[in-house]
Each structure stands twice: as C-alpha cells, then as structure tokens.
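S.K.: The structure that follows is given in the form of structure tokens.
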C-alpha cells in the first residue's frame, strides 16, 4: 500500500509576489509528491474559497498561514495512513472534512495543494509520468494552446477592457511547431509595438499590455504580427478572446470604458459578433456576466454554432452549475481551473460532464501562477484538447509549455495534435 506517512504545508510566493500554498506528501516508500496552487485576479463569485489570513501586518492581509495550518494539523490527522493511490477516496475525505459547499472552512487552496501532491506522490510510486497516471494508456493528445499575447482588463494597467487577446496555432502538425508558431508571433508583435512607440512591458500572464484605442485596433495589430511572422490568419492561426465581462458589467450594462460604450446584453453580443465577422475569432470566453444568463442565452443563440463560447466565471469548474448550463443550452465550452473547485476528482468530473454533453473543455492556468506544471499533465491525461496557460514569456507560463514538450517527446509517434478538429461542436 502507498501509505501516506507525512504531509507538510508551507507558505510560498506566486508569480505576483503574493503568498500561496505548497504541500509535500511523503509515502511509506520514501517517495514524495509536491504541488503548489495558483490564484486568480478576476474571479467568479461562486468559486471555491481561497482562504487568506486577513492579517494586514503580513503580506497586506494575503497570507495563507491558516490554510497551511489546516494542512499540517487537521488534514494531516485525517489522511495519514491512507493509500495515496486512492485519489477519489482521498478527495472525498477532504471534501467531507471541510463540510461546506465551497471549501470555505479549510480553504480550497489547502485541499487542492493536498489533492495534487497526493497524485504526484502516487504517480511517482507507480513509476508513471503524471499525465499517464491521470489518463492511463489513452492520454496521448497534446492540447491546442491559447496563447495570450496581449493583456488587458484586470491583468494589465492599460485602456483595453477585454482581458485577453490570444492566438491559437491550429495549423501546426504537432505541439512543438504550435509552440514555435506562437513564439514567433509574440516576437513579431513586440517588434511592431516597438516601432509604433508602444510599451512592450508585459502583464500578469506574460502578454504585452499596450494602450490601444480600441479592441478592433488591437486585433488589427495582432493580424499584422501573424502575417509578419509568416503565418496565415484563419488557416494557420485563429484568434481567441477572454472578455472577462463580469469585470465591466454594472447596472445591467457592459461598460467598455476604453471605447466610451455602454451596451445592453444584446448589444454586447452583437459587438462581439461584429468582431468575429471581421477577424478569424474561434473562441470567446466569458462574453457575458456570470449572472446574466439571459445574455448568455442570447449570445449562444447568435454565435454558438460558429464560435466556441467558454464559460469560466459562469461555470467555475462546478458540475452542479455546468449541469444547469447544459440543460438550458448556455455556452458550448467550459474553462477548467483546478483551484475553482479545490480537488482533482471534482476537476475530472467537470471535464467528463462537458465531454458527454458535447461541450469542449479548456484546461487553464490562473493569473497568479507558480512553477507547478500539473495542468499540462491534466490536459494530456484527459485528452482535453485545449490549454490556456499564458504568453510566451515569464517562467511561470513557460513551465507548462516546456512540460508539454517533454510529454510530446515521451509519447513519441503516438502523440497527436488536434488543431482545428478540436472544435468538433462548431460548424465553420
């Protein structure tokens, strides 16, 4: 039995210099698993609770010593001696121990750190790479990356209201060529921005954060970068947006402050539809406020057959909310963020539910990241098909891309790359 003999939680820093939780799980054999959890900036109101200390004398109140203490005392007492290979049982133990619907007592940052560290230890004990431990022999599909090359909204201090402008190298034959494509576009964009006298500083997720006058102007510049890098937009590369619309929704209107617009739900759907008509946009995330289900129904009716409509704040990786969305025909894709729900077992359940309903699943990082690359292994192990893990800069983002390169190398000839075919529920 892969018995857990020790568990250690600690406070470490994420990519924004804020505290987060790391956990080590030691097995009877001497094998250790280590994991660190991410943290978001734009968060859904129904996400599992990230436990912070609130002590303003430490890290401006953002310390996580309470969550760490919960690992080292209460969680340790409950899982020491358990079999690390029984992931579902261990995760259920954590859920029951917490006793709330949103991990508010122990903290999702505590439960997730333990859940991930247990999986890493069990994979090491079994002599398996993590992606193989997650997916068995069936995990062989590399994901199409959504590469965030321009940051706006809550991820950057600029005039862009839309939070992320991304490129998706769908025309590549394999993941390594897709990564090269994204990197070449990123560097071409840097050259173009510099020539226009715009800053080339980067935001939280590694994308540039220039002050474009409009979303349209930003997309035009990205199109130039794609062409300048030697690729054809619409064939080799498609575009994706993360509106994070909950961040600029107020009093029933969508306030695009950068463009001086105040739009109703229907008008904002049309605004996004017009952008999709002018540019090769294949995916729009959080195009409506998380509670604007009428707006979501409208945008799904208008765009859902040709555009991937991803629910992030809408679904928060929660099967109960996703089930309701599926029943009402809201969106056609879910963003998967492991810290939104707080255990691996619940994460995998959300991915499986989405697939059964013909929704796509996009595995995602958070804006506050660490060097932990577990989401890369999840993307391959579950054959998710897409991953969103930032730009082509900042080592906290590159760590995931590099892990995917290693996995592709490990898989060898059996590795597949879906490209456009991952948008199996669209008619384009």
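Every residue, even glycine, has its Cβ placed from backbone N, Cα and C.
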S.K.: Check Swiss-Prot for me: it has 337, 366, 367, 388 binding (2R)-2-phosphoglycerate, so pick out which one of 87, 141, 163 it puts in that same site.
M.R.: 163
S.K.: In Swiss-Prot, 285, 312 are given as binding Mg(2+), so which of 236, 242, 251, 270 is in that site too?
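M.R.: Given 285, 312 bind Mg(2+) in Swiss-Prot, the matching entry from 236, 242, 251, 270 is 242.
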S.K.: I want to verify one value. Collapsing DSSP to three states, which class is residue 388 ((2R)-2-phosphoglycerate binding site)?
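M.R.: Looking at the DSSP assignment, residue 388 ((2R)-2-phosphoglycerate binding site) belongs to a strand.
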S.K.: At 10 angstroms around each C-beta, which of the binding-site residues 163, 367 has the fewest other C-beta atoms nearby?
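M.R.: With the binding-site residues 163, 367, fewest surrounding Cβ atoms within 10 Å: 367.
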S.K.: Closest to residue 163 ((2R)-2-phosphoglycerate binding site): which of the recorded positions 242, 285, 312, 337, going by Cα position?
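M.R.: Nearest listed residue in space: 242.
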S.K.: What is the total of other Cβ atoms whose distance to the Cβ of residue 242 (Mg(2+) binding site) is within 10 Å?
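M.R.: Neighbour count, Cβ to Cβ under the 10 Å cut-off: 28.
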S.K.: Tally every other Cβ atom lying within 10 Å of the Cβ atom of residue 366 ((2R)-2-phosphoglycerate binding site).
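M.R.: So the number of other Cβ atoms within 10 Å of residue 366 ((2R)-2-phosphoglycerate binding site) is 27.
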S.K.: What's the CA-CA gap between residue 388 ((2R)-2-phosphoglycerate binding site) and residue 285 (Mg(2+) binding site) in angstrom, rounded?
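M.R.: One finds 11 Å between the Cα atoms of these residues.
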S.K.: Please tell me which one of the binding-site residues listed here (242, 366, 367) sits closest to residue 205 (active site, proton donor), measuring Cα to Cα?
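M.R.: Of all the candidates listed, 367 is nearest in space.
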